[in-house]
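See below for the structure under consideration.
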Amino acid sequence: MKQLLDFLPLVVFFIFYKLYDIFVASGALIVASAIALAVSWLLYRKVEKMALFTFALVAIFGTLTIALHNPDFIKWKVTIIYGLFTLALLFSHWFMQQPLIQKMLGKEIRLPTTAWRRLNIAWALFFLACGLANIYVAFWLSQDTWMNFKVFGLSGLTLLFTLLSGIYIYRLMPQDEK
């Protein structure tokens, strides 16, 4: 249910873009994101910090897109989010005791420290690549192409990378935890 709530605003954004335009879609994205936060609060009595942070960026960049009638703002939001994820992962890798990935998953999964560090760097590089790819597609290809890339390309790549990460984790897990 949680993953559906996270994915729903993106679906709403895509549908409203196809039915109307990027400006109406940006407004719908803001509303759908707010509703997803409210439903998350009602169901789980908590809202994750990452969800609040993402909503803040959606609200800021979506509002700028609508107010200034410039779709570049909503396009930049994607790269900024990926860039901040990259920086957070790299910061944790170099300056914290535990990599961020280990902090997020380490309570449920036991892995050697080197595995956590590799996984952390892999995700940082993945987010960096996605952010750079978004810049290219958003500003050198058509808006329709960017929308399809954002919804299907980036979502598909993230799902694939999550699956590959799961395989990597499974291979390194202690036998008694598999």
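Cβ atoms are placed via backbone N, Cα and C, with glycine included.
Per Swiss-Prot, the feature transmembrane segment maps to 22-42, 50-70, 76-96, 121-141, 149-169; the stated evidence is sequence analysis.
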- Task: Quick one: find which recorded stretch in 22-42, 76-96, 149-169 has the most Cβ pairs under 8 Å with the transmembrane segment (50-70).
- Result: 22-42
- Note on the structure: In the same chain, residues at least 6 away from the ends of the transmembrane segment (76-96) whose Cβ sits under 8 Å of its Cβ atoms read 54, 57-58, 61-62, 103, 117, 120-121, 123-125, 127-128, 130-132, 134-135, 138, 150, 154
